[in-house]
Amino acid sequence: MADREMAAFGAAAFLRKSEKERLEAQTRPFDLKKDVFVPDDKEEFVKAKIVSREGGKVTAETENGKTVTVKEDQVMQQNPPKFDKIEDMAMLTFLHEPAVLYNLKDGYASWMIYTYSGLFCVTVNPYKWLPVYNAEVVAAYRGKKRSEAPAHIFSISDNAYQYMLTDRENQSILITGESGAGKTVNTKRVIQYFAVIAAIGDRSKKDQTPGKGTLEDQIIQANPALEAFGNAKTVRNDNSSRFGKFIRIHFGATGKLASADIETYLLEKSRVIFQLKAERDYHIFYQILSNKKPELLDMLLITNNPYDYAFIPQGETTVASIDDSEELMATDSAFDVLGFTSEEKNSIYKLTGAIMHFGNMKFKQKQREEQADRDGTEEEDKSAYLMGLNSADLLKGMCHPRVKVGNEYVTKGQNVQQVSYAIGALAKSVYEKMFNWMVTRINATLETKQPRQYFIGVLDIAGFEIFDFNSFEQLCINFTNEKLQQFFNHHMFVLEQEEYKKEGIEWTFIDFGMDLQACIDLIEKPMRIMSILEEECMFPKATDMTFKAKLYDNHLGKSNNFQKPRNVKGKQEAHFSLVHYAGTVDYNILGWLQKNKDPLNETVVGLYQKSSLKLLSNLFANYAGADAPVDKGKGKAKKGSSFQTVSVLHRENLNKLMTNLRSTHPHFVRCIIPNETKSPGVMDNPLVMHQLRCNGVLEGIRICRKGFPNRILYGDFRQRYRILNPAAIPEGQFIDSRKGAEKLLSSLDIDHNQYKFGHTKVFFKAGLLGLLEEMRDERLSRIITRIQAQSRGLLSRMEFKKLLERRDSLLVIQWNIRAFMGVKNWPWMKLYFKIKPLLKSAETEKEMATMKEEFGRVKDALEKSEARRKELEEKMVSLLQEKNDLQLQVQAEQDNLADAEERCDQLIKNKIQLEAKVKEMTERLEDEEEMNAELTAKKRKLEDECSELKRDIDDLELTLAKVEKDKHATENKVKNLTEEMAGLDEIIAKLTKEKKALQEAHQQALDDLQAEEDKVNTLTKSKVKLEQQVDDLEGSLEQEKKVRMDLERAKRKLEGDLKLTQESIMDLENDKQQLDEKLKKKDFELNALNARIEDEQALGSQLQKKLKELQARIEELEEELEAERTARAKVEKLRSDLSRELEEISERLEEAGGATSVQIEMNKKREAEFQKMRRDLEEATLQHEATAAALRKKHADSVAELGEQIDNLQRVKQKLEKEKSEFKLELDDVTSNMEQIIKAKANLEKMCRTLEDQMNEHRSKAEETQRSVNDLTSQRAKLQTENGELSRQLDEKEALISQLTRGKLTYTQQLEDLKRQLEEEVKAKNTLAHALQSARHDCDLLREQYEEETEAKAELQCVLSKANSEVAQWRTKYETDAIQRTEELEEAKKKLAQRLQDAEEAVEAVNAKCSSLEKTKHRLQNEIEDLMVDVERSNAAAAALDKKQRNFDKILAEWKQKYEESQSELESSQKEARSLSTELFKLKNAYEESLEHLETFKRENKNLQEEISDLTEQLGSTGKSIHELEKIRKQLEAEKMELQSALEEAEASLEHEEGNILRAQLEFNQIKAEIERKLAEKDEEMEQAKRNHLRVVDSLQTSLDAETRSRNEALRVKKKMEGDLNEMEIQLSHANRMAAEAQKQVKSLQSLLKDTQIQLDDAVRANDDLKENIAIVERRNNLLQAELEELRAVVEQTERSRKLAEQELIETSERVQLLHSQNTSLINQKKKMDADLSQLQTEVEEAVQECRNAEEKAKKAITDAAMMAEELKKEQDTSAHLERMKKNMEQTIKDLQHRLDEAEQIALKGGKKQLQKLEARVRELENELEAEQKRNAESVKGMRKSERRIKELTYQTEEDRKNLLRLQDLVDKLQLKVKAYKRQAEEAEEQANTNLSKFRKVQHELDEAEERADIAESQVNKLRAKSRDIGAKGLNEE
C-alpha cells in the first residue's frame, strides 16, 4: 500500500513503514552469511557479525564492539533488512526467538505497537497516547480485509465482524497478557469499534428512555462502572483489572447491535482488606473520598481522609495518572446511563461505606478469658446503620456466633484474632457479591427485546503469572491460561494443518493441543490437585501439611509435571512445583484450605438476610451455610453449598467459558508489557522474552517451523520469481501457472523437501523464501546494471540523432528564408497578397445565408423535440413514482418474510429448548425417583434405629433404677455401721470403768506386752502390704469407673444423634412431599408442552394461510409487472420514434452542410439526454425483472422452509408422544421395581429383627455381669471397712477378742456367700462366653456361606470362560475355514479401520467445533429416525425370512428325497456351497471385528461427548458405522456374486469336460426330467434305456474282437469327433438364447457331419474301431455312475454337516441365553450379597454402639463408686480418730494382762487364718481382674478383627462388583454376537434362496442340454446307420 493510500488511515506513521523507509531498508548493506544474532546475558540476544568459524565455535563482533565466542548452534541468522518491522512475523525468513524479539523492538521504537504473528495479533503497551484510535482510523479499517490494512486491533475486530456476517458463525476475541500489558484498553477499543460500526441508529434513539442512553452508549458505559469496582493500582499498572471478563455483544441478522452481556471471573477480593505498599485498593473507595460529591460523605458518615479507615491506606492513596473526582462523576453518570435507580446507587455506596467502617471496628481481649469484647461502638453503629442492621445484634454475632452442634445451636466464644478474621471475610464477601450483583444488573439493562442472531465475545483475562510467592490465586489463573493456551494451540494449528489437507499436501496430522493435556489433567482430573484440595476441605482435622502429604503420595515421582521444589535462601518457601507450558512454577500452599472453603460467620450472614437494606438482603438471600440441607431438587451432581468451594466454582465457570469459546470462531490478541518502569519507547528484552514464552508466541513459532509458514499463489510466484530462470518457462507457448512454478523450482539449486505444491499455492519451509529473495535480488542487480548500461547508450545515441536533425532543419529554414527574401519585392507577388483575402469573403457570405435557413429549420425541430421531451419526462416521473411504490411494497413484503423467518427460527429454538427441557425433566424425574427410594429406605432404617434406641433407653432406665436401689441399700448399711459404732462407744465407756481395776495388772504385764508388740508390728507390716494390694485394686476400679464415664458420654452422644436422626427423618418427609409436588408440576408441564405443540400446529396453519396470501400478493405483483412491461414497450416505441426523428434531423443537418457551433452543442446535449433516458429506462426494467425474480425465489424458498418447518413440528409432536408413552412405561417399570425392593426390604427387616433380639439377649446378659461386678466392688469396699475395724479392735481392745471372734465367724460366712456369688458370676460369664462363641460360630457360618457363594460365582465364571473358549474354538474353526480369502478380509479390515479412523477424526473435529455439531444435529436426528424405520423394516424382513427358512427346510427335504438316486450336477452345487460357507464365515468374522471396532468407537464417543446428549451422539456414530458396515456388506455381496458368476463359468467348463460321457449325461438328464414329471414313469424309461444300451454294448463287444487292428486310427477319429461334438455343444448352448443362431449352428453341425461322413467313407475300418471305443465309453459310463453315487454320498454328508452346524449355532445361542440367565441370577445374588453385607455392617455398627453404651454404663458405675469412695474416706477419718483414742488409752491395758495371755493364742490362730483368707481373696480378685482385662483385650482384638474383616468384605464386594460389570460386558458382547449370528443366518437364508434359483437355472440348462444331447444322439445314430450302409455297400462291392 502506497503512502498516498495510507493517508486515509490518518495515523499512517504509527501503523506502517513509509515507502522511503522501505527503500532505505532494501538498499542497506547486508551479508546473509555473516549478520547473525548471538546470545547475551543482559539483552538475551544481540546483533553481531561473524569474524571466524573454528571447530564448531563461532567468533563474532557485536554491535557494541564486543567480541564473543559461542557455539555454532547458538548462532541464529538475521533476516534481510526488507523484513524489518514486518507486519506478520510468520512471513519472516528465519523464524526464531531473536528475530521475533527484534522485529517487535524495532516496531516499538517507531511506535508501531501492533504486529501479526500468524493467526494472532501481538500488541506492546506504548505507555503514551497514540492517535491510532480516532474516528478517522475506525472509518479507514471498516470493511477492510486483513491483508489490505496495517496490523491493528480494529483490523482484528472488523475481521471478526465480517466473518460473523458472512459465515453466520459466532466469533470471539481473546485478549490475554500480564497486568499492565494493555488488555483493558484494547478491550475498550474493540467495544468502541463495534459500537461505532454496528450502531442500531435511529431506531435505538427512538426506543431510548429518558435518563438512559442508547444501547451502544450503555455498552461503552458499562466499562467505567465495572472499572471503578474491579480495577486498582498495582506495581505495574495504574488501572489494572483485578478480574477477568467475557463480554458478549449480540447482533441482529443484518449486523446491527441487538444486546450485550458480561460474565466475570476470579475477582481479587482479598484486595478489599489488604494491599501491598506500592498498590492501592479498588478505585471506588478513593473516588468516594475525593469529596467531589459531599452529599455522599454525609450519607456514608465518613470523612475525606483515607487514612481514617484501616482497610484502604495500606499502600498508596493517590495515583498521578488518575483524577479520582472526575472518575467518580464518570462512574455516577455511567450508573445513570445504565439505568440504575437512585435507591440502587445509594445502596451500592452504603455497602461500600460500611466496608470502610468494618475495617475500623476494634475489639479487645477480656481479662482472664480467651474472649473478645468490643472496644467502643461508634464504627459498629455506623456500619450497622448503613447496612440496615441492629448494632447490638451485629456485635453479638461477631463476638458470640451461634454454631450448630448436632441438633442444637450453641453460642461459641471468639478471640480477637478470630473476630478480626471474620470481619475481613464478611467484608470480602459483601464486596464480591455486590460486584456480581452489579454485573447481573448491567446485563439486565443491556438485555433488549430486539431479535439477536449472533454474538462476538471479547475475553479480557489475566495472563500467566510466575512470582516469587505463588499461591492459590496464581494456580487458578495459570490453570485458566493453560486451558486457553490448549484451545489456542488446537485452533491455530488445526487450522494450519487443515489448509495443508485442503491444498492436498502430504501431511500427517499432529495434535499440538495435547501437549498441555498432562498438566491440565494433573490439576483437574479426579484424585489430582483440585480434587485432593476439595477432599481435604471436607475433613475437619485436615491441614495444609496433610494436603501437601497427599499431593506427594499421589503424584511425586508418578507425574512428570509435578516436582519437588528447590528452596532458595532468602526467598519464600515453596511446597511443590508444576511444569506449565510457560515454565516451572513453585507454589506455596499455606492457607489454601481456608481460601478454598472461604468460611463466613453464619450468624452475621443471618442478620444480613434480614437486613432492612433491600440490596444486602438480596445479596445473601440464597446463601446456605454448612449446616443447611442439601437441595435435592438439583440432582445428585450438585453439592451442598457447604461444599461449593472456590475451586469447584472456578472450574464450573471455566468449563462454561471453554464451551462458549469452542462454539465460536476465535481471534487472538497477545498483549505485552515492554518494561516495568512504565517508560515509553523502552523495551526490556528479558521481560519481553518471558512474556513471549508465556503467551505462546514462541510456541506458535516452534510449531510453525514444523510446517510450511510461507505460501504464495502460483501466479504470484511465477510472476515474481520467473526472473531467476526465464528459460524454464518459455515465452511463446502457454504453460499452466502450477507447471511453470514446478519447472522453475526444479531448475533451481534448492532442496526439494523445503517446498511443497498445493492445489492453488506453493508452500515453503521457514527460511527458503528469504533465500529466494536473495537470489532474486542478485539477479535483479545484474539485470539492472545491464539495463542501465544499455539505457545510457541509447540515451546518448538519441541525443546525437537530435543534434543531426536540428542541423538539417536549420539548413532548410535558411534556404527558405533566402528564397522568400529573393521574391519579396516582386510586383506579381504583391498583387497576389492583396487579392487572396477578397476571394474568401464572397464564399463566406453564401455559407452564412444557407446556414441561417438551416438554423430556422433546426430551431423549429428543436421546439418540437423539446415539447416531446417534456411529455416524456412527465411520463418518466409517473413511472418512477410507480416504481418507488412497487419497491416500497416489495420492501414491506421482504420485511414480512424476514419476520416470518425470525418467527420460524424462534419456533425451532423453542422446540430445541423444549426437547432439552423434556430430557432434563426425565433425568430429574429418574434422579428424584432414585432419591425417593433412597429416602424411603433411609427412613425405614432410621425408624428401626429409633425403635432400637428407645429400647436401649428403657434398658438404661431400668439399670439406673437398679443402681439407685443398690445405692439405697449401701446407705442403709452405712447407717447400720454408724449404729454399731455408737454401741462400741458405749462399750468403751464401760471399759474405762474397768480400766482402773486393771492398771495394777497392767504394770506387771508390761514386759510380756513388749514382746507382743513386736508380734503386732509384724502383723501391721502384713496389713500394710494388704492395704497396698487394696490400693492397686482401687486403681483398677477407678479405671473401670473411667470406662463407665466414657460409656455415659457415648450414651449422651447417641441420644443427641437420635434427635438429629429424628429431625432428618422429618426433613426427609418434607423433601418427599416436595418431590411429590414437583412430580405433579412435571405432569402439568408435560400437559403444557402438549398444549404448546398444538399452538405451534395452529401457528403452522396460520403460516400456511399467510403463504397463500403472499402467493396472491405475488400474482398481483406479477400482473402489475405485466402492465409495467406493456408501458415499457410503449416507451420503447416512443424511444424508437424519437431516435428516428433524431436520425432524420442529423441527416438534414448533414445535407445542409453542417451547422453552427451552437447547434452542434445543442444536438450533443439532446443526444446525451436521450442516452441518459435510455439508460434509465433499461436500468428500471432490469431492476423490475430482478426484483420479480428475487420475489419469486424468496417466495419459493419461504414456502419450502415453512413446509419443512411444519413437517419438523409434526415429527417433533410424534417424537414427544413416543417419549411420553416411553416415560409411562418406564414409570410402570420403576413402580414394579420399587414393589420388589419393598418386599425384599421387608424380608431383610425381619432378619434384622431376629438378629436384634439375639443382640438384646446378649446385652441383657452383659448388663447382669456388669451388675455383679458392681456388687463385687461394693462388697470389696465393705471388706476394706471391716478390715480396718478388725485391726482397730485388735489394737485397742483385747478384751473384746471374743466378740471379734464372733464377728469373724459372721464375716467368714459372708465371705463364703461372696465366694458362692463369685462362682455364680463365673458361671454366668462362662455362659456369656459360650453365647459369644456361638455368635462367632454364626458369623463363621455366614462367612462360609459367603465364601461358598463366591466359589459358586467363581464356578460360574469358569463356566462362562469355558463358553468363551468354546466360542473362541468356533471362531478359530471358522477362521481356519476362511484361510482362502484372508487377504481380501485384511483389505476389508484395513478399509474398515481407515473408515473408523476417519470417523474418529470426524468425532474429534466435532468435539473441537461444537458449532458444526449444532448444525448437523438436526440431520443426525433425521438419520436416526430413518434408521429406526430401517430397523423396523429389517425386523419385519427378519420375521419373513424366518418363515422362508422353515419353508426352505421343507423344500430341501423334498428335494433331498427326490434327488437321492440321480443328481450328478450336485458336484457343482457342493463346490458352490463350500465357497458360500467360507464366504459366510469370512463375513461373520469381518462382522464380529467390525462390531468390536464399533464398541470401541462407542466407548470413545461416550468419553468425548460432554455437552451434547450421549444418546444422540452414540446413535449418530453407530448409524454412521452401520451405514459403513452395510456398504462393506454390499461390497462383499458384490464380490460374492462375482464368485458365483465365476462358479457358473466353472460349471460351464465342467459341462464341456463332461462331453466325453454324453450318454451318461443323457441318462442322467432323462432320469431328472422324468422325476419332474412322474418319478415312476421315468424309472421305467431309465430301465428300458439301460437295456437298450446293454444290447448295443453286447453287439459292439461282438464286433470288437474282429476290429482290433484299426484301433489307433479309430481313436484318432474318435478324438476328432469329440472335438466336433464339443463345438456342437458350444453352438447348442448359444441356440438357447437366439433361435437364428441355433439354426446356423445346426447347419454348421450338419456340414461337420458331412465332413465326418466323407472321412468315414475314406476309412471303412474306423467303424469297428468306433464300436470298440463306444464299448470303452460304456465302461467309463459305469465308472462315472459309481462316482456319481459317491458324490451323492458326499453331498448327503455335507448336508448333514450343514445341519449339524445349524444345530451347533442353535446350541450356542441357547448357551448364550443360559449365560444371560446365569448373569441375571449372578446379578440378583450380588444384590443379595450387597444387602447381606449392608445388614452385617449395620449389625457391626449396632454392636459397636452397644459397646459404647456399656462403656457409658461402666463410667456411670465408676462415678457411683467414686461417691462411695468418698464416704469410705469419711469412715476412715473416724477410724483414725478412734486410733488416737486408742493410743491415749494404752496405759489402761495393764489390767488386762491375764486376759491378753489367754486371748493371745486365740488371736494368733484367728488372725493367721483371717490373714490367709484375705490374702487368698485378694489373689482371687487379682486373678479375676487379670482375666477380665484379658477378656477385654480379646474383645478389642475381636473388634479389630471384625473391622478388618468388614474392610476385606467391602473390598471383596467391590471386586465382585467389578467382576459382575465385566461379566455384564461379556454378556453384552455375546448378545451382540448372537445378533450377528442371526443376521448371518438371515444372510445364509438369502444365499440359499439364490442357490435355489441357481439350481433351477441349472436344471433348465440341463433340460436344454438333454435336448441338445438327444439331437446329437440322433445325429450319431444317423451317422452309424450311414456308416453301416457304407460298410455293407463296401462288403457287397468286395
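Placed from the backbone N, Cα and C atoms, the Cβ positions cover glycine too.
Your range for region 'Actin-binding', going by Swiss-Prot and the list 10-32, 401-423, 654-676, 700-722, is 654-676.
Cross-referencing 741-755, 756-770, 1176-1190, 1446-1460 with Swiss-Prot places the feature region 'Actin-binding' at 756-770.
Among the ranges 1032-1052, 1284-1304, 1515-1535, 1914-1934, the one that Swiss-Prot lists as region 'Disordered' is 1914-1934. Along the domain 'Myosin N-terminal SH3-like' (31-80), the predicted structure has mean pLDDT 89. For the domain 'IQ' (780-809), the DSSP counts in helix, strand and coil order read 30 helix, 0 strand, 0 coil. Taking the mean position of the Cβ atoms of Gly177, Glu178, Ser179, Gly180, Ala181, Gly182, Lys183, Thr184 as the ATP site, the remaining residues of that chain whose Cβ falls within 8 Å of it are Asn125, Arg236, Asn237, Ser240, Gly463, Cys671, Ile673. For the pair Lys183 (ATP binding site) and Thr1281 (phosphothreonine), the Cα-Cα distance reads 91 Å. Only residues 6 or more beyond the boundaries of the domain 'IQ' (780-809), in the same chain, are considered here, and those with a CB under 8 A from a CB of the stretch are 723. The number of other Cβ atoms within 10 Å of the Cβ belonging to Thr377 (phosphothreonine), over all protein chains shown, comes to 15. Assigned with DSSP, the residues of the domain 'Myosin N-terminal SH3-like' (31-80) fall into helix, strand and coil as follows: 3 helix, 30 strand, 17 coil. Across the structure, Thr377 (phosphothreonine) and Ser179 (ATP binding site) place their CA atoms 40 angstrom apart. In this view, Glu178 (ATP binding site) is surrounded by 25 other Cβ atoms within 10 Å of its Cβ, with every protein chain counted. Spacing of Thr1281 (phosphothreonine) relative to Gly180 (ATP binding site) is 89 Å (Cα to Cα, whole number).
Residue environment of Lys183 (ATP binding site) contains 28 other Cβ atoms, counted within 10 Å of its Cβ in all protein chains.
For Gly177 (ATP binding site), the same-chain residues lying six or more positions away in sequence with a CB closer than 8 A to its CB are Lys183, Gly463, Arg670, Cys671, Ile672, Ile673, Gln691, Asn695.
Spacing of Gly182 (ATP binding site) relative to Ser1136 (phosphoserine) is 69 Å (Cα to Cα, whole number). Gly180 (ATP binding site): 22 other CB atoms within 10 A of its CB, across all protein chains.
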